[in-house]
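Noted in TrEMBL for the protein shown:
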type	residues	note
DOMAIN	38-185	domain 'Oxidoreductase molybdopterin-binding'
REGION	1-26	region 'Disordered'
Amino acid sequence: MTEPPISRGFRGRGRGDQSARVPPGQHLVTDFPVLSAGPTPEPDLSGWRFTLEDGDTPLGAWSWAEFNALPQTDVVVDIHCVTTWSKLDTEWRGVSFDTLLEAAGLSEPPGPFTLIHCDGGYTTNVPSEDLVDGKAMVATLYDGEALHPEHGGPARLLVPHLYFWKSAKWVRRIQFLDEEQPGFWEENGYHIYGDPWREQRYDGD
Ligand SMILES: Nc1nc2c(c(=O)[nH]1)N[C@H]1C(S)=C(S)[C@@H](COP(=O)(O)O)O[C@H]1N2
Ligand SMILES: [Mo]
């Protein structure tokens, strides 16, 4: 079958060739499933801090008010969960990783790898280069509203080009590392990188 000549950057919401946007082994959903390895933490905005660290050295820290005063970015992206659901055209607002680096006075990531830390102890690893150049943000709004606690509110990482387990909910700390350190699912049989287009679901895929 020949593909119609649709430009990926020029598609209307809900139109165009949707099948070309669904990675192998995935199916589309219109609801928004909740997947958490543990309980949803109680939101506590007064105690909330977001920190960037190079190893154990602090690079920057923001209170909830300070974080929300940073320049905000809007994105509309497709997301892909390793449990095989994909959801098209999800709308998010938050602080791009590039803005965070800049706010910390950095022109580039200080290390090639990151480990992402969350309230509740969940972790995931993402290479630094997969977070820069508009590829990732810390999102605080979904679909124009404060991110629901079940979906990671007050703030979650959003790395839509990787399987959604990399989009860590209740994110609090991004730690730069010189060597790759696997996170929670990566230590439990899932792929160290997790590219949905190469179907990197499990270790060894
Ligand atoms: N802190 C934390 N983040 C997490 C998870 C988790 O269990 N804890 N689950 C991951 C997985 S496997 C997926 S598919 C998505 C699910 O996000 P959702 O519940 O908003 O759909 O969150 C990811 N981020
Ligand atoms: Mo997932």
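Any Cβ shown, glycine's included, is placed from N, Cα and C.
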(message) Looking at the domain 'Oxidoreductase molybdopterin-binding' (38-185) alone, can you tell me the average pLDDT?
(response) 98
(message) Going by DSSP assignments with H, G and I as helix and E and B as strand, what are the residue counts for the domain 'Oxidoreductase molybdopterin-binding' (38-185)?
(response) 24 helix, 62 strand, 62 coil
